[in-house]
Amino acid sequence: MMRTPVSERSLIIESSDDEDTHSAAAAAATNGRRRGHDVEEQDAGSDSDSSSSSSSCATPRRGPSSSSPYSQQWPQSYRQSIDILSSVQSPNLSFLGTSSLSRLSNSFLAITDSFQSKSPEIISNFVKPLLSPTTSDEQQQHEDTRKSSQYIPSRKPSLQQIPEDQKPLVVGHEASPYRNCSYTQGVMNGINVLCGVGILSTPYAIKQGGWIGLVILSLFAVLAWYTGVLLRHCLDSKEGLETYPDIGHAAFGSTGRMVISIILYVELYACCIEYLILESDNLSKLFPTAQLTIGSLTLNSHVFFAILTTIIVMPTTWLRDLSCLSYISAGGVIASILVVICLFWVGVVDDVGFENKGTVLNLPGVPIALGLYGYCYSGHGVFPNIYSSLKNRNQFPSILFTCIGLSTVLYAGAAVMGYKMFGEATESQFTLNLPDNSVVSKVAVWTTVANPITKYALTIIPLAMSLEELLPPNQQKYSNIIMLRSALVVSTLLIALSVPFFGLVMALVGSFFAMLVTYILPCVCYLAILKTKVGWHQIAACSFIIVVGVCCACVGTYSSLYGIIQNYT
C-alpha cells in the first residue's frame, strides 16, 4: 500500500474502502492543494518568515483541530461560533439538523474561492434546508471526494456507536479552515466587533466622570492595543493555539481554559441582556403610549417591547446557519457611523447646538465611567480568530492599531457631541435625548433598534453551542436543542426585566468582564506562557496593566452594583 507522508497524514484521513486507490487519490489531491497554496503565497508576495502565516481559504495553516490537544476539550465549538461574530459567510439559510455551520467560508467582504465542505451526514426527515439540494451528479462527485480524503472532524468517537435513529441533529462542531483575509478585511472585522452599543453611552460616561474621561478612553485604547499584541505572541508561542480558551489552556491547563471560556460566554450572555434593555428603551421612545392588557394585567411599553423583541429574536436562535444574519449584522460599522452622523445633524441642522461646558472631573462618577469606557474595548475574545484568518499575520499589530484607533475616534466624537448637546440631561443612551419631532432622530433610533435584533442570535449562539456539547450525544435532538436555546433567550428576558438599567448594566459588564478579558488575562497568560523569554520592561508593562485592570474592576464593579441596588431602594 502507498504510504502517505507524515505531513500529509496530518491533514487527511484515508477511507477503509479501496484503500490503495483512495490513498493515491488523497496524495494527489494534497499535492495539488500544496501547489496551489505555493502559487498563492508567491502572488501575495509574502516572505519566507511569514510563509507559515499565510494560508488560503481552503488549506489550514496547522493540522485540523482534532490533531491539536487544545481543541479536544470543552468548548470545541468556540472557534467556529466566534468566527460568525467576526466574519461573513456565504448566505445559506437552514435550520437545526444540518451541519452548515461547518461551512464557514469567506471573511468580511472577501471575494475569494470557496472551499468544498463536508456534506451533511444527519438530516432530519422533517427538517430540511431552505435552499434546494445539489444535483445528483454533484452529490456523487462530492461523495467520491469525501471518501478519498477529507479534513478530520472534531467529532466525539462515541457518536459512531449511536444507532441511526438516535444520532444527534447537532453533529460534532467542526472547526472551520483558515481563510485568506486581507488587511482591509481584518480592519473591517475588528471595527465591526468593537463598534457596538457601547458608542451610545459615551456621552453619558463624560457626564459621569467629566472631560477627564477622554484621557481615560485614550489610555484604555492604547492598553487594549498592547494586550491584543500580547495575545498574538501567546498564539505564536506554541503549535495548535487558535483561540482565547486555547491560550488559557496553554497558560494554566484545563482549569485555565474552562475559566476563560466561562468568562467569555457570560460576557456574551450579558451583551444579550443589554440588547433587550436597549430595544425596550428605544422602542418605548418611539411608541411611549403602547401597552398590552391581558385580563387584569397591564404591561407598560418597556415590558411589552422587551417581550416583543424576545419573540422576534427567538426563532433566529433556532437557525443552524446564521450566515444570512451575519451579512446583515456586518453593517454594524455602517450603523454606528450613521448614528454618529445623525447626532451631528441634530446638533447642527436641527439647532440643538453645542453649548454645554460640563466639568473637567466629577470624582464620584469616575468608577461608572471606567466601566462604560472599558465596555468599548471588549473585543479581545474575537481578536485571536481575526489573527488566525489573516493572509499575512505580520500585519496584525497594524490592523489592531487601525481598528482600535478608528473606533476610538467614533467613541470620542459621539461623546463630545452628545455631552455638549445635552449636558447634565444626557441619558444612558444618547438616542433617548434626540428630539421626538425630528426625522433624523427617528432614523437614528430605528437604526439603533434594528442592529441588535440581527446581532442577538450571533451573540447567544456561541454559549448555546458550548452547552450543547455537554449534552449526552443521544440527547442532542432537535426538540432538546430548541428547548435549550429558547430557555437561554427567556432567561435573558427575565434578567433584562429585573435589571432594566442600561448604563449601570453596561458599566458592570465593562468593569468586571471587559477588564478581565481585555486587560488582566492577556497579561497574566502572556507572563505564564512566556515567563522564561520576557524582559524586565515587558514584566513591568504587564504588571502595570494588571494593577490598573484590577483597580478599575474593583471600583467599577462595586459602584455599578451599588447603583443597581440603589435603584431598588
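If you go along the chain as it appears here, the first residue is 1 and each next one adds 1.
The backbone N, Cα and C atoms fix where each Cβ goes, and this holds for glycine too.
TrEMBL annotations:
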type     : residues : note
COMPBIAS : 47-75    : compositional bias 'Low complexity'
COMPBIAS : 148-160  : compositional bias 'Polar residues'
DOMAIN   : 180-560  : domain 'Amino acid transporter transmembrane'
TRANSMEM : 212-231  : transmembrane segment
TRANSMEM : 258-278  : transmembrane segment
TRANSMEM : 290-313  : transmembrane segment
TRANSMEM : 325-348  : transmembrane segment
TRANSMEM : 368-387  : transmembrane segment
TRANSMEM : 399-419  : transmembrane segment
TRANSMEM : 439-461  : transmembrane segment
TRANSMEM : 482-502  : transmembrane segment
TRANSMEM : 508-529  : transmembrane segment
TRANSMEM : 541-565  : transmembrane segment
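Counting only same-chain residues 6+ beyond the ends of the transmembrane segment (290-313), those with a CB under 8 A from a CB of the stretch are 275-277, 279-281, 283-284, 453, 456-457, 489-490, 492-493, 496-497, 500. If you count C-beta pairs under 8 angstroms between the transmembrane segment (325-348) and each of 399-419, 508-529, 541-565, the highest count goes to 399-419. Long-range Cβ contacts of the transmembrane segment (541-565) within its own chain (Cβ-Cβ under 8 Å, at least 6 residues beyond either end) map to 223, 226-227, 230, 367-368, 370-371, 374, 499, 501, 504-505, 507-508, 510-512, 515-516, 518-520, 523-524, 526-527, 534.
Against the transmembrane segment (439-461), the recorded stretches 399-419, 482-502, 508-529 differ in Cβ pairs under 8 Å, and the greatest number is found for 482-502. Contact between the transmembrane segment (508-529) and the transmembrane segment (258-278) is supported by 3 or more Cβ pairs under 8 Å, counting only residues 6 or more apart in sequence. Sequence-remote contacts of a segment are chain residues at least 6 beyond its ends whose Cβ falls under 8 Å from one of its Cβ atoms, and for the transmembrane segment (368-387) they are 79, 82-83, 85-86, 181, 186, 189-190, 193-194, 198-199, 201-202, 204-206, 208-209, 213, 216-217, 220-221, 224, 227-228, 231-232, 235, 242-244, 246-247, 264, 267-268, 393, 396, 399-400, 404, 407, 411, 503-504, 506-511, 513-515, 517-519, 522, 552, 555-557, 559-560, 563.
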